[in-house]
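Worksheet: one structure, shown below.
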Amino acid sequence: MFEKAQVLLVEDNDELAGSVADYLIALGYDVDFAYNGAAGLQLLEKNRYDLAIFDVAMPKMNGLDLCRKLRNELFSPIPVIFLTARDTLDDKKLGFQAGADDYLVKPFALEELHLRLQALLSRGPRRDVGIQNIAGLTIDHNQSLVCCNGNQVRLLSLQMNILTILLKHYPNVVSRQTLEQAIWDGTPPESDPLRTHIYRLRATLEMAFDKTIIRTVYAKGYQIV
């Protein structure tokens, strides 16, 4: 058993979502759920999960696109199970190419879902996801490591978050407003914490790599160089 594993369920069918969530909660799992892909992405951006379960055909963002964003933008290695009525080989191929780890065709027995969930959790996070090479840096998002020219440094969680946002917009300048919105939902604490965190992140990277990684662009924001 994997009691208290954090599971995200994204399913637009109310009845099925309720059945799956109730079943997993009764087994001891912590379950968050969303009814469309866009809402699921918001939860993935804000929270950490051990496993995700996605429907494929959903409004606002389908499960395939959600899984691609999970892998290619959030760099998350958590296991993903697709739930879908589409059972052709081509459909399954699309699911695995999008980054899924398992594929369960509807209708299914809840016990089978649980067995598949247990199997994926026993394997742990994927090791082929979470490495990013950009701007002369190698980023290991799973371990919060940044590597450059044979040197490496481990960042604090918030520092890693800031660096990830800056790299997402590379080589463009990122405004203070964009950073504050992404980090604190647009309502940062008082005393200008962003300036302090940027200063510490910049100093950490420059000490590790002996070169400038982040520069301030006057009246505009910050930029990876």
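In case you wondered, yes, glycine gets a Cβ from its N, Cα and C as well.
If you look up TrEMBL, you'll see 129-225 marked as DNA-binding region.
Here the domain 'Response regulatory' (6-121) has, by DSSP, the following mix of helix, strand and coil residues: 56 helix, 24 strand, 36 coil. Under the heading domain 'Response regulatory', TrEMBL lists 6-121.
Among the features that TrEMBL reports, domain 'OmpR/PhoB-type' is placed at 129-225.
Other Cβ atoms within 10 Å of the Cβ of Asp55 (4-aspartylphosphate), summed over all protein chains shown, number 24. What TrEMBL lists as 4-aspartylphosphate is Asp55.
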